[in-house]
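*Asks:* Below, the features straight out of Swiss-Prot:
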type	residues	note
ACT_SITE	Lys165	active site, proton acceptor
ACT_SITE	His284	active site, proton acceptor
BINDING	Lys191, Asp193, Glu194	Mg(2+) binding site
MOD_RES	Lys4	N6,N6,N6-trimethyllysine
MOD_RES	Lys191	N6-carboxylysine
SITE	Lys324	site 'Transition state stabilizer'
Amino acid sequence: VGFKAGVKDYKLTYYTPDYETKDTDILAAFRVTPQPGVPPEEAGAAVAAESSTGTWTTVWTDGLTSLDRYKGRCYHIEPVVGEENQYIAYVAYPLDLFEEGSVTNMFTSIVGNVFGFKALRALRLEDLRIPVAYVKTFQGPPHGIQVERDKLNKYGRPLLGCTIKPKLGLSAKNYGRAVYECLRGGLDFTKDDENVNSQPFMRWRDRFLFCAEAINKAQAETGEIKGHYLNATAGTCEEMMKRAVFARELGVPIVMHDYLTGGFTANTSLAHYCRDNGLLLHIHRAMHAVIDRQKNHGIHFRVLAKALRMSGGDHIHAGTVVGKLEGEREITLGFVDLLRDDFIEKDRSRGIYFTQDWVSLPGVLPVASGGIHVWHMPALTEIFGDDSVLQFGGGTLGHPWGNAPGAVANRVALEACVQARNEGRDLAREGNEIIREACKWSPELAAACEVWKAIKFEF
């Protein structure tokens with residue numbers, strides 16, 4: 001036939017509505033907003049082309065390979081209800097386009113280039129279906145939910161955490177003191193803030209030592225296993241690993257990483273180290289809102305959550321749901337299930353565009369954190385269930401009597417909610433009543449309830 005130079009429409013090659021998706025394909029759902037005058041088929045095909053084998057003009061080297069084998073295909077387009085000129089474009093990518101076990105490569109391919117494309121006004125990646133064959137190339141979370149419970153010997157309830165505040169400015173010794181008080185009072189974990197790395201007022205090594213001392217002391221006094229998320233995030237991968245190694249030498253149970261600012265490559269290395277060395281890995285999602293907050297451009301958090309489960313982490317922050325809109329609650333619970341469960345059915349009402357089978361990849365505990373306090377406990381227990389970490393920063397340290405009583409208040413509230421639920425009571429309806437009853441035999445909880453009573457909780 002010979003080589004025919006020139007520019008041709010993407011849709012001639014990359015829009016294939018008759019394509020039957022394969023079990024090994026990576027499937028993507030994009031929310032596409034084309035520029036005025038660009039037909040949706042062309043926009044969808046452009047996304048498929050630019051994120052796989054295509055470029056803007058025909059090149060003679062196309063003849064040296066089999067495009068049919070390697071090209072991404074836009075196989076379905078549907079208009080978004082209630083939005084003008086916005087479509088969901090479904091794209092299938094052949095498995096061979098991706099390096100095994102590399103979240104970094106997967107993202108570079110799928111979202112690396114196409115988001116700046118001129119034919120599109122905006123583009124958002126809403127969901128990915130990761131095929132079983134690709135899932136199996138990832139180690140995933142270092143340990144997962146069941147192994148974590150066995151390590152901690154804690155069952156049948158959510159775990160409790162607290163971020164140490166003020167996040168910047170405390171000396172290492174005072175920081176360790178705050179950690180000890182919270183753990184001693186009844187929390188399971190305390191946490192380094194995401195921006196606590198190694199600053200002039202508190203170098204990482206000093207912090208690690210004082211926190212380890214706090215953990216050991218609290219464990220000895222309570223007879224429970226305790227942890228503090230030691231943030232190993234650093235300016236280089238080597239420095240990050242050095243901090244993780246030191247944490248292991250101290251014998252602490254868990255370290256922490258900011259996976260978006262630190263990057264997927266660093267995160268996956270750390271996750272492998274954590275599995276090999278028995279460390280749990282807590283993941284903070286600093287920077288996520290830069291990527292996921294705009295509703296028609298960027299990447300939805302459920303995709304970032306799936307990517308984290310592949311890269312590896314035992315906990316990840318996932319919003320609180322509390323006091324938010326009803327719809328957001330369903331969407332949040334959708335990606336919470338994607339983090340924890342082994343098999344998730346497609347359910348558009350919860351934002352889940354594809355059925356996802358994780359084939360026994362360990363699950364991740366969702367962490368609810370941010371602006372929550374004791375009055376929220378019944379709702380949180382009901383919404384998140386046992387497999388979660390509930391984190392109260394100000395809701396612990398803001399207690400009028402101090403950190404330890406703040407921790408006591410949270411633990412009492414949690415145990416009361418779990419007991420009430422196990423007795424068959426309705427937490428959504430009777431939540432406030434359950435907390436009030438518990439106040440009668442816990443002055444610490446009563447004091448906490450008094451401080452935050454004005455912050456109402458609407459279901």
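Cβ coordinates are placed from backbone N, Cα and C, and glycine is handled just like the others.
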*Asks:* If one measures from the C-alpha of Lys165 (active site, proton acceptor) to the C-alpha of Asp193 (Mg(2+) binding site), what distance in angstrom results, rounded to a whole number?
*Replies:* 8
*Asks:* Around the Mg(2+) site formed by Lys191, Asp193, Glu194, which additional residues qualify by having Cβ within 8 Å of the site's Cβ center?
*Replies:* Thr163, Ile164, Lys167, Asp192, Asn195, Val196, Tyr229, Asn231, Met256, His284
*Asks:* Hey, does DSSP put His284 (active site, proton acceptor) in a helix, a strand, or just coil?
*Replies:* strand
*Asks:* If you count CB neighbours within 10 Å, which one among the recorded positions Lys165, Lys191, His284 has the smallest count?
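*Replies:* Least crowded of the recorded positions Lys165, Lys191, His284, by Cβ count within 10 Å, is Lys165.
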*Asks:* Going by a 10 angstroms cut-off between Cβ atoms, which of the binding-site residues Asp193, Glu194 has the sparsest surroundings?
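*Replies:* Comparing Cβ neighbours within 10 Å for the binding-site residues Asp193, Glu194, Asp193 has the fewest.
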*Asks:* Please state whether DSSP places Lys191 (Mg(2+) binding site) in a helix, a strand or coil.
*Replies:* strand
*Asks:* Tell me which residues of the chain lie with their Cβ under 8 angstroms from that of Lys4 (N6,N6,N6-trimethyllysine), as long as they are six or more apart in sequence?
*Replies:* Thr58
*Asks:* In whole Å, how far is His284 (active site, proton acceptor) from Lys191 (Mg(2+) binding site) when you measure between their Cα atoms?
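*Replies:* It is 10 Å, counting Cα to Cα.
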*Asks:* Quick one: pull the CA-CA distance for Glu194 (Mg(2+) binding site) versus His284 (active site, proton acceptor), whole Å only.
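*Replies:* Given the Cα positions, Glu194 (Mg(2+) binding site) is 7 Å from His284 (active site, proton acceptor).
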*Asks:* Using the alpha carbons only, what distance in Å do you get between Asp193 (Mg(2+) binding site) and His284 (active site, proton acceptor) once rounded?
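*Replies:* Pair distance, Cα basis, whole Å: 9 Å.
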